[in-house]
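To keep things clear, I will list the structure first and then write my remarks on it.
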């Protein structure tokens, strides 16, 4: 036990090496820019002050979003997704996989869970002993199930998921802008040192190296930022981009896509004033998601989760309701016209979902027939 505990501690310590490396590079870039460039190299006070102001603005946003990504604890499934004691004992005693699936299906009927494994089975984590919510995956490094898991990033030593995905995207954006500011303001002095227009001083090495490092980091970060902005527009995670989520009717890579504007709002929120700041504004609670095929009423989902053991004291982020995603009626029914069909989904406390497909052309012909039959007779 002792050697195993020591190895785990060493592994956790080693995981901080990439974070330490990033902070050392940023610390050196601060010294090279502020001291070697602005203090010793730039002769004009107005230029020096303007560079320092712009530099510190982007540095502050970059550091703020970076450390928010690091220190935001990954959100895990609530107690509502754990098996009740009786079903858990039956599941652990049962050796047949078919019977275990029947137990999981019985419990999952009370939960807003609509995705399955590739074989059509209920997604269950044996390590965490919970039914996985939609878009939730187990991280072997963090040793927990993470809501809307995107990936485990070694550069932040944390899982990127529902609780910090917005911070991660902002970190990439501000890191790119930070590198652009450095390259744009350093390039003229880089050229002067390179062409011998300025004398060789101790600042020459720092300025030359600073430009190269900023340019290389910008190229690498920009590609990653572009990829994640594409994922945001498609409402996919990195895992879903490589393996499409499986619904009752089969895999669908666009199953969670609701259109570009609503996809962006799901990550950044529906209030533009919060988009550019690393403060939590993502919509939802990470446990249930509106899809193209099934429209989940967030109020119904939240009430069911509370009845099954979820409460605000679980340390979860305060959910935001998708006010523009569903329409409430007296019978809790939703109707959607999609590709010439009307999909009617009825939610009864998230226990039963019945889907009725009616051919739109047939409905249109019936309406025309009724209209003709009600027309006044001609004399």
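Heads up, the Cβ atoms here are built off N, Cα and C, so glycines get one too.
Database features (TrEMBL):
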- 305-328: compositional bias 'Polar residues' (COMPBIAS)
- 329-339: compositional bias 'Basic and acidic residues' (COMPBIAS)
- 123-242: domain 'Palmitoyltransferase DHHC' (DOMAIN)
- 305-339: region 'Disordered' (REGION)
- 20-43: transmembrane segment (TRANSMEM)
- 49-67: transmembrane segment (TRANSMEM)
- 167-191: transmembrane segment (TRANSMEM)
- 203-227: transmembrane segment (TRANSMEM)
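Beyond its flanks by at least six residues, the transmembrane segment (203-227) meets 25, 29, 31-33, 36-37, 40-41, 169, 172-173, 175-176, 179-180, 182-183, 186-187, 189-190, 193-194 of its own chain at Cβ-Cβ distances under 8 Å. Confidence over the domain 'Palmitoyltransferase DHHC' (123-242), given as mean pLDDT on the 0 to 100 scale, stands at 95.
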